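What TrEMBL records for 116-359 is domain 'Malate synthase TIM barrel'. Summarising the annotation, TrEMBL assigns active site, proton acceptor to R120. If you look up TrEMBL, you'll see 364-481 marked as domain 'Malate synthase C-terminal'. What TrEMBL lists as active site, proton donor is D399.
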Amino acid sequence: MQARAKRQADIDAGANPDFLIETRSVRESDWRVAPAPADMTNRRVEITGPSSNRRMVINALNCGAQVYMTDFEDAHSPAWVPTLDGQLNVRDAYRRTISDETPDGRQYQLNEQTATLCVRPRGLHLMERHVLVDGEPVAGSFFDFGLTVYHNHVAQQSHGTGPYYYLPKLQSYLEARLWNEVFNYAEERLNIPRGSISPTVLIEHILAAFEMEEILYELRERPAGLNLGRWDYIFSVIKVFNQRADMVFPDRAQVTMATHFLTSAAQLLVNTCHRRGAHALGGMSAFIPRRDDEAANTAAFAQVQSDKQREASQGFDGAWIAHPGLVAPVLDVFQAAFSGDNQLGVIPEVRIAPDDLLEVPEGQITEAGLRNNVSVALQYVDAWTRGNGAVAIYGLMEDAATAEISRSQLWQWIHQGAALDDGRPITAELYRRIRAEEVASLVQQRGSENTGALDKAVELLDEIVLADEFIEFLTVPGYRYLD
């Protein structure tokens, strides 16, 4: 954490990130990661969801995706009881004993064939205040990893799978080195064969994009992969360059994967992974199918398939979805794109320079975009403080990453003196007025369903949007609202 702060201070002082001189030998030498285990070679469709919702865990494992990433991070509100519920669900899932029943008697249990289970622990910046080590709260990362590997490694082996993890929010290859040391320690203490723990690292921070090869190199004795976490990646650029007036982003809806900086990151990730024998995973399709609007579904499915066709053509081996209804259309795209389990043999030729990764997307800031950011942030924070980390908002499954983009843009626009496309300056006063209007609209929509938790959402959103200094993660000050 201290190294992160020092690096951020250097950037605030005017330094731009670049590929590291001291690790050039890693990038220029010949090495590959360990080969993937049998149940992780085909990763065409990976579904994600919160670990604490037992029925969602069952449905995700049964949905037909190749991989299910159960989440203790961005789709999880880390109150104590839901966190332990997630651990119980993971334990029962690995033992294939997980089941659930609705009040009307409907039964939920696992199919004979299920998705391969992966676990995403919290990022290194989040603490678990309910467990102390030497009088200090333990890192949520190590709490989530430690309990899942300790309680489940025997069941994993008996059912022909293994300890597979997604690692979030890494910013440096030195953090990958730390994780590898943690994995080595766990394998030694639990008598797990060396190299069994298989991590996929989320490249969801702009600084990590400059160290993809080094991150894989630190984990090379293990089966490893990289995933381009698009929403957090966008958030990270806004966050890292929050002091820079030349790095102001347009409306969130205009920052698509077709923009140059995201296309460059995608191309670099696929090239890096496949040269090193690692899987390359694409981003999230957050659309939620609707039962009452077939026309909207048709249009959304076409958009999702177009997005995944682009990723498949770039060489990705698979991609993420947030809803079981997207398994079939996304699987169809990747089935048509390549035969066999993956595209590891496809190594696109690319030349990506630092400027490619740092190019600010063009576009405008509109009142509609400003209102959307306020509304999405309010609705997500409201749900998060009430224990729900994955929230359906305006037809999309939103998690902490999209809320982070929304609130970080609000801070950036206010503090960098940005203006709307009609010329009005974006000020704290304009934010307060629109926030009050959006709160009134949400309260009216909810009627008697409004629990009053919007008061907490308003308090937290005002705190982080109007703060003099940029607050790195909304979940850190937000943790005080959780039990």
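Using the three backbone atoms N, Cα and C, a Cβ is placed for every residue, glycine included.
Please treat TrEMBL annotations as automatic predictions, because they have not gone through curation.
Around the Cβ of R120 (active site, proton acceptor), the same chain contributes T48, M69, T70, D71, F72, E73, Y165, Y166, L167, P168, each under 8 angstroms and 6 or more positions distant in sequence. Across the range of the domain 'Malate synthase C-terminal' (364-481), the DSSP-based residue counts are 77 helix, 8 strand, 33 coil.
On the 0 to 100 pLDDT scale, the domain 'Malate synthase TIM barrel' (116-359) averages 96 in this prediction.
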